[in-house]
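Here is what TrEMBL records for this protein:
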- K102: active site, proton donor (ACT_SITE)
- K66, K90, S344: substrate binding site (BINDING)
- T185, N216: NAD(+) binding site (BINDING)
- D142: site 'Important for catalysis' (SITE)
Amino acid sequence: MNALAATNRNFKLASRLLGLDSKLEKSLLIPFREIKVECTIPKDDGTLQSYIGFRVQHDNARGPMKGGIRYHPEVDPDEVNALAQLMTWKTAVANIPYGGAKGGIGCNPSELSISELERLTRVFTQKIHDLIGTHMDVPAPDMGTGPQTMAWILDEYSKFHGYSPAVVTGKPIDLGGSLGRDAATGRGVMFAAEALLNEYGKSISGQRFVIQGFGNVGSWAAQLIDEKGGKIVAVSDITGAIKNSKGLDIPSLLKHTKEHKGVKGFHGGDSFDSNSILLEDCDVLIPAALGGVINRENANEIKAKFIVEAANHPTDPDADEILKKKGVVILPDIYANSGGVTVSYFEWVQNIQGFMWDEEKVNNELKNYMNRGFKDVKDMCKTHECDLRMGAFSLGVNRVARATVLRGWEA
């Protein structure tokens with residue numbers, strides 16, 4: 001089942017739990033707007049090249065739409081629709097005043113020079129500048145984009161609308177980016193894991209963790225869990241996988257990955273087939289890479305007691321059912337990885353106020369939001385006698401449905 005089908009399925013299950021009528025359900029599911037534009041730029045060699053840019057704006061009942069812009073050669077419209085919808089429910093679960101969006105450009109950023117990427121980003125911004133904005137739709141970085149991309153969008157947008165730092169988040173600090181944003185998703189994963197373990201009378205300290213994906217989110221989660229006394233027994237990335245039953249030396253591993261562009265060759269553990277990382281013996285499994293990695297083929301062999309979804313849609317519905325029967329507790333992505341968008345919200349707030357926070361305030365506020373979010377999800381689980389995934393989805397869908405009805409938008 002692809003990401004869009006799985007997201008629609010979870011939405012419909014949550015809608016049934018909440019008893020929404022079919023008209024309201026339909027209006028919540030249909031995207032507010034889908035934008036597709038042609039972006040033609042001169043390449044460095046003087047030739048012209050066209051790329052397709054897009055933006056799916058899903059819902060704005062609770063506030064401006066929010067979501068990443070990705071640069072990737074295989075941009076899938078279904079996946080982008082799913083991720084835009086997922087952002088709508090995620091921002092509602094986090095209880096921040098946003099809706100959901102997603103977008104990007106079909107290109108391979110590794111094949112473009114910096115000047116070509118800048119020209120492409122500026123042309124894309126010129127095409128959509130009147131459809132995004134501080135109180136309309138606030139983009140952020142995603143796969144293949146970063147702070148520099150956001151800086152170009154900010155500059156190009158400001159040519160049309162005046163200096164508007166709050167039009168994008170994930171900016172460089174020098175242009176109004178927030179302290180703590182880089183670590184935010186990984187830190188949120190750590191707070192989420194801590195809240196879940198506390199619910200079962202446990203703490204991070206002494207628990208064995210396996211992390212699939214050692215990019216920004218996975219490496220920050222590993223570092224922060226390690227600092228809390230958790231034992232990281234295995235990690236993997238695209239270069240390979242490393243394990244050590246006594247616990248990996250995370251500071252040394254972080255240094256190694258920075259120098260060697262991956263975990264491969266790290267001497268503080270044994271290398272093994274990264275395809276079996278999800279099946280390693282542990283207390284907490286954190287999939288922090290791709291979607292759909294936990295499926296009906298491998299779900300029965302997973303040994304973890306808890307799964308904290310740091311990636312988007314890492315567990316497909318078939319695996320959900322298998323793991324539920326095994327008694328595995330899954331903390332769903334729309335809550336577990338919401339730390340990033342929460343600190344993006346803090347960045348937006350700081351930009352609007354023109355008053356920047358120190359990093360301690362950012363991290364303390366993030367902890368408050370993650371802890372409050374977990375309590376809200378648990379309360380929905382008790383009300384509807386459901387698991388954490390349905391608790392989170394019904395919480396998000398209910399908040400958006402209520403805002404839609406209050407604004408008089410129901411069909």
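Placement of Cβ uses the backbone N, Cα and C atoms for every residue, glycine included.
Every protein chain considered, the tally of other Cβ atoms within 10 Å of the Cβ of S344 (substrate binding site) stands at 28. With the fewest other C-beta atoms within 10 Å around its C-beta, N216 stands out among the binding-site residues T185, N216. The Cβ centroid of K66, K90, S344 marks the substrate site; residues of that chain outside this set whose Cβ lies within 8 Å of it are G67, M87, T91, A94, I96, Y98, G100, A140, S338, G340, V341, T342, Y345, given in sequence order. Taking all protein chains in view, 28 other C-beta atoms sit within 10 angstroms of the C-beta of K90 (substrate binding site). For T185 (NAD(+) binding site) paired with D142 (site 'Important for catalysis'), the C-alpha to C-alpha distance reads 12 Å.
Not a single one of the binding-site residues K90, N216, S344 has a C-alpha within 10 angstroms of the C-alpha of K102 (active site, proton donor).
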